[in-house]
Amino acid sequence: MTVRAAEEIAPFDAVLPPQPSWLREVEVVVVLGGDGTILRAVELVRGTDVPVVGINLGHMGFLAESDVAEITDLVDQIARRDYTVERRMTIDVRAYTPDGRVHETWAMNEATVGKNRPERMIELAIGVDGRALETFGCDGVVLATPTGSTAYAFSAGGPVVWPDVDAMLLVPLSAHALFARPLVVGPASVLEVELLTRTATPATMWCDGRRTLDLPPGSRVEARRGAVPVAIARLSPGPFSERLVRRFDLPVAGWRGRGQQ
């Protein structure tokens with residue numbers, strides 16, 4: 001067993017950063033921490049066949065497979081190779097800035113374009129597949145994967161999308177518009193966000209809450225289905241709906257007559 005602490009944040013343009021040498025001898029990466037720590041571990045293993053399994057030490061731990069009280073059972077199950085591997089969709093993100101530079105990165109949960117001054121909105125245009133849909137003032141937009149649909153996009157009013165659905169989400173943040181509703185598009189589509197030149201202040205894009213890039217007015221962001229998925233080890237055979245109920249502590253008493261007084 002090799003124990004490693006979370007390392008520094010990867011640079012924004014590190015689409016596939018160099019893999020550490022110790023990873024070549026690893027069968028499963030066990031992560032102790034919250035969802036943020038799991039996302040950092042995913043950065044290390046992306047591009048390999050090594051799956052990640054999380055043990056929650058944080059608040060929500062939606063990406064984690066178990067809580068710390070169950071760590072002994074989890075380790076035993078991994079030692080028996082009693083787990084399945086899910087391939088989770090990612091998004092590839094490309095940002096074009098007015099200086100002619102092109103910045104490329106990726107995200108497992110979401111890429112967020114947001115204002116960096118709390119007292120001002122930013123003016124955005126959104127589009128799908130090269131066609132404009134709407135312009136509006138807002139706090140920002142979230143471009144999310146199905147895995148990320150239960151993270152920031154969920155808090156912003158987006159729908160929950162099952163992780164085996166190939167789709168992408170665009171969720172506006174506090175938009176001043178009538179049609180600013182969450183969008184769900186197919187895996188072949190391209191989501192686009194443009195920071196209009198009339199915007200008084202720049203914006204910031206951050207991916208999975210970690211890698212950041214400043215976006216001056218006139219910048220454009222594209223998100224499409226990622227070329228490289230992420231491997232997640234699953235030890236519990238139950239459906240995704242059970243994870244939703246457990247992690248969000250949803251009330252289900254009365255379902256099919258169960259739990260009724």
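Using the three backbone atoms N, Cα and C, a Cβ is placed for every residue, glycine included.
Under the DSSP three-state reduction, ASP35 (active site, proton acceptor) is assigned to helix. Per TrEMBL, active site, proton acceptor is recorded for ASP35.
Within 10 Å of the C-beta of ALA153 (NAD(+) binding site) there are 27 other C-beta atoms, taking all protein chains into account. Secondary structure from DSSP puts ALA153 (NAD(+) binding site) in a helix. Summarising the annotation, TrEMBL assigns NAD(+) binding site to ASP35, GLY36, ARG40, ASN109, GLU110, ARG120, ASP139, THR150, ALA151, TYR152, ALA153, PHE154, SER155.
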Report task. Pop the Cα-Cα gap between ASP35 (active site, proton acceptor) and ALA153 (NAD(+) binding site) into the table, whole Å please. Result -> 15
Query - Distance, ASP35 (active site, proton acceptor) to GLU110 (NAD(+) binding site) (CA atoms, angstrom) - result: 13
